[in-house]
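Database features, via Swiss-Prot:
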BINDING   Arg22, Glu79, Lys119, Lys453  (6S)-5-formyl-5,6,7,8-tetrahydrofolate binding site
BINDING   225-230, 244-250, 269-272, 334-337  GTP binding site
BINDING   Asn225, Thr244, Ile246, Thr249  K(+) binding site
BINDING   Ser229, Thr250  Mg(2+) binding site
DOMAIN    215-376  domain 'TrmE-type G'
Amino acid sequence: MTTDTIVAQATAPGRGGVGIIRISGDLATNVATAIIGHVPKTRYAEYCDFNNADGQVIDQGIALFFKGPNSFTGEDVLELQGHGGQIVLDMLIKRVMEIDGIRIARPGEFSEQAFMNDKLDLTQAEAIADLIDATSEQAAKSALQSLQGEFSKEVHELVDQVTNLRLYVEAAIDFPDEEVDFLSDGKIANALYKIISKLDTVQASAKQGSIIREGMKVVIAGRPNAGKSSLLNALAGKESAIVTEIAGTTRDVLREHIHLDGMPLHIIDTAGLRDTLDTVEQIGIERAWAEIASADRVLFMVDGTTTDAVNPHEIWPDFIDRLPAKLGVTVVRNKADLTGETLDKTEEQGSCVYRISAKTGLGIDELKQHLKSLMGYQSNLEGGFIARRRHLEALELAANHLQLGKEQLEVYLAGELLAEELRMTQMALSEITGKFTSDDLLGKIFGSFCIGK
């Protein structure tokens, strides 16, 4: 770990009422002595002059000193809060850099130092960037929950449970005389099932947190001429897709990225699904299924003039049967302006059914509200947190190892292999909080931060 003293502007570049220069490291006290003549009293705001090497005043403002380890980074930290003109702030940084042993901080280096000094874990460090980058009130609240340790707490509880079970299994293997039938007495199985159930709950919360942060991927799918491209245009509020009465007009994937009350939504329009001999259209249909496989939600577009059915399994059973098992489906019955259907929401076989007219805009607002609710808009956030794609991947890896461990227990009664799967589960979960994390991943995470954070 570096022992350099670092400096950076902590406020956004440009003109503002207040600008903050942050210094962290062993030489922070030297900076204070050089610029304001003394080291301020710890955790007290002091109004003073900021001087250059000749004793001339560069600016006037507030100096704050935090003695390590009781600071954000865990090191000595000095903050100089002056006027927010960029020239003034540049002059202050230049003055600080005149002191030997100080360099400009890399992006995210203050947060990285805090992580290295155990002031916060990796999910909390990531939450700082997520809070800054939040595009909605929901995202900001969720990021704050993660910053306060909600996500970390859930992961630590899982790690503790897995560790305890692993230690029990390994101890029973090492001392078989004391626990002859330990693999078949039900105790290990019950503990393992509880861990799997707990992980399922955390995965569901993390999935929701990822949608709040990164947006929900919604794929519009259905037969040709059902109105899929018209719906894309209606949701996007512009003519993104060509709309004609010719079946198979859309042959490739079309994407629109929009925000609903600040929450990101990624809408994918796909080629109409049917049997065809047209090579180009076949490629488009293959791409449509590839998009469906990675979707968070499918809008199953139905031409309401062709069927009265509302149950998705009755409308097109082959399509529904081919969808991923956990993929949610919203049935969208289009052309309500022609069928005269009431624009109400119903539930059929676990799927929401909406009636709209993509052409006239009838029911589009209600469908948008539905999509916002799926993203967690204005939902109860107590215990909620923000999550990233890497978190979901780590949780999925942990879940896979637990399932393999369950198989080793139930089918083979293989204690050693169960213990190994529990160890791999520990490793996967510990990647989330940064207990076991590669330097390359740390560099990628902190390198995406703002300079000064």
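Cβ coordinates are placed from backbone N, Cα and C, and glycine is handled just like the others.
A Cα-Cα distance of 59 Å separates Arg22 ((6S)-5-formyl-5,6,7,8-tetrahydrofolate binding site) from Asn225 (GTP binding site). Among the binding-site residues Asn225, Ser229, Ala271, the residue whose Cα lies closest in space to that of Glu79 ((6S)-5-formyl-5,6,7,8-tetrahydrofolate binding site) is Ser229. DSSP assigns Glu79 ((6S)-5-formyl-5,6,7,8-tetrahydrofolate binding site) to a strand segment in the three-state reduction. If you take the Cα of Lys335 (GTP binding site) and the Cα of Ser229 (Mg(2+) binding site), they are about 13 angstrom apart, rounded to a whole number.
Between Ser229 (Mg(2+) binding site) and Lys119 ((6S)-5-formyl-5,6,7,8-tetrahydrofolate binding site), the C-alpha separation comes to 50 Å.
DSSP gives Arg22 ((6S)-5-formyl-5,6,7,8-tetrahydrofolate binding site) a strand state. A count of other CB atoms within 10 A of each Cβ picks out Lys228 as the most crowded of the binding-site residues Arg22, Lys119, Lys228, Lys335.
Under the DSSP three-state reduction, Ser229 (Mg(2+) binding site) is assigned to helix.
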